[in-house]
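What follows is a single structure, and I will ask about it in a moment.
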Amino acid sequence: MWNKLFGGKKNGTPMTTEIPPVKLKGVGDSFWVTVDPSTPEDVIHEKISELFERLQHLAINAKVIIDVGGAEGCDELVNNLRDFLKKRFDVGIVTTPPEKRSQSVENSRQVDLGKGWITHRTDALILTGRIRSGQKIETRRHLIIVGNVNPGAELTSSGNIIVLGSLQGQVNAGYPDNEDAFIIAIDFKPTLVHIAGIPGDGADPSLAGKIVYASIHKNKVILQDYMQDQPFGKIPWPTAL
Amino acid sequence: MEGKIIVVTSGKGGVGKTTATASIGAALALEGNRVAVIDMDIGLRNLDVVLGLENRIVFNIVDVVNKRCNLAQALIRDRRIENLFLVPASQSDNKDVLTAIGVQRVAKMLKSEFDYILMDSPAGIEKGFENSVVAADEAIVICTPDVSSIRDADRVIGLLYSRSITPKLIVNRIVPEMVARGDMLSHEDVIDVLSIDLLGLVPMDNQVVVSTNTGMPLVMHNQSLAGQAFRRIAKRLNGEVDIPIKVPTARTGVWDKISQKLGLNR
């Protein structure tokens, strides 16, 4: 029914945006061939031929990277394509994309044990002193104020905002859309709070005199007692923000 | 020796800039300094009235800056206090007629002739404010113990800092009874927010209205608490370091209450 109404493909799969089985683009000094491994091999051969014929002499001795989009069990397909390309178009080296370096949990723990933090570069703007009325601090990094923020001052950060002192101005964390951003202040009395563009209440009288942690929960800014709720206490190992 | 230019400013209007300028200027002159008070509030001149010199104005600061007269012609000497001079503002122009360069030129002339030059800045942070602070060596920020005044003072302090001037604070119009009841911010609360050096605390005083209307400088009334506070501030400005800051206190004694009721004491 769905297919009839919306014109699904003949084989019955629901309609999606059509992705060509083979795409070719130049990356650096090589050709990057993206292949959809679910397509029959002879179709791939046909499409590749089409694309490489257009390249004419450029294909000769060129470096080619065959990207199967991370699909597993495609070694045979890649080998076949390598032979095909070398025979048909005289290309140089045919490889697969370099594997992305992903830091495993184990690795990140070793960073700590092996004093790897020494080489870690901070992604925060740390300011000391008083931010006065009319002053605007805008940064793409995390913002840490060691001092007070007076009423009428404005803080905007793409990351988190931490105020080691009294926060009485306007705060705008996670600008424009980082919903993981949070705000912590020792004395939390802002005139206006925004996290990821979502406005929230300023000071909560029930949290007076407490360190306040503000974050986004279900599209709302919620304020918590930092020392009581310990939002980061559950993270067992130090992690850089 | 060159004189010092001190700008008196606040951001917010009506907190007592003009009264403070007149009082501190008169007090400094009574101490034996040569003092000029300059009204920079072009278009809304008041300082001449507060000093009781409004009948003697011929030329004003705009004429001096725009070279329509020389400085000596515009200076009005106070007849009661020796060594106190006023340069009045123009009442008919607006604040854009002055230029920073012109003000700096006049400031240089004033510095060579006087020990202290007090500039009474207009309210706001626009051209008028900029013209007043352009030649200043020091600044006094006046603030009353209320939230709006503090916020404006905070902004002005930021602007002064950005011009490398470290201002000093006067908290004006303190009502000790209200502070004691917790209805008014105390001077400690004000300093907590503004975090600059305190120059003095001035209590609320009805004598201010009387002296403004009669044109008699406040510091010449020996009974006036505000006048006494301004005299202490002038002494501190004049380099006397051992004058303690006197915190206004509520008068709660029996005789005070009786005399207040009888109208013997203000």
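Cβ coordinates come from backbone N, Cα and C, glycine included.
Annotations per TrEMBL:
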{"type": "BINDING", "residues": "B:Lys12, B:Gly13, B:Gly14, B:Val15, B:Gly16, B:Lys17, B:Thr18, B:Thr19", "note": "ATP binding site"}
{"type": "DOMAIN", "residues": "B:4-149", "note": "domain 'AAA'"}
Run through the domain 'AAA' (B:4-149) and tell me, per DSSP, how many residues are helix, strand and coil.
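Helix, strand, coil within the domain 'AAA' (B:4-149): 58 helix, 28 strand, 60 coil.
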Which residues does B:Gly16 (ATP binding site) neighbour through Cβ under 8 Å, counting only same-chain ones at least six apart?
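For B:Gly16 (ATP binding site), the qualifying residues are B:Ser10, B:Ile142, B:Thr144, B:Asn172, B:Arg173, B:Val202, B:Val208.
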Using the recorded ATP site (B:Lys12, B:Gly13, B:Gly14, B:Val15, B:Gly16, B:Lys17, B:Thr18, B:Thr19) as reference, state which further residues of the same chain have their Cβ within 8 Å of the centre of those residues' Cβ atoms, listed in sequence order.
B:Ser10, B:Ala20, B:Ala123, B:Ile142, B:Asn172
Taking the Cβ of B:Thr19 (ATP binding site) as centre, how many other Cβ atoms lie within 10 Å?
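Looking across every protein chain shown, the total is 27.
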Please list, in sequence order, the residues in the chain of B:Lys17 (ATP binding site) that are at least six apart in sequence and whose C-beta is under 8 Å away from its C-beta.
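Once residues fewer than 6 apart are set aside, B:Lys17 (ATP binding site) is near B:Val8, B:Thr9, B:Ser10, B:Asp120, B:Ser121, B:Ala123, B:Ile142.
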Of all the binding-site residues here, B:Gly13, B:Gly14, which one's CB has the most other CB atoms within 10 A?
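The largest 10 Å Cβ neighbour count belongs to B:Gly13.
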Relative to the Cβ of B:Val15 (ATP binding site), which residues of the same chain, six or more apart in sequence, are found under 8 Å away?
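For B:Val15 (ATP binding site), the qualifying residues are B:Ile142, B:Cys143, B:Thr144, B:Ser149, B:Asn172, B:Arg173.
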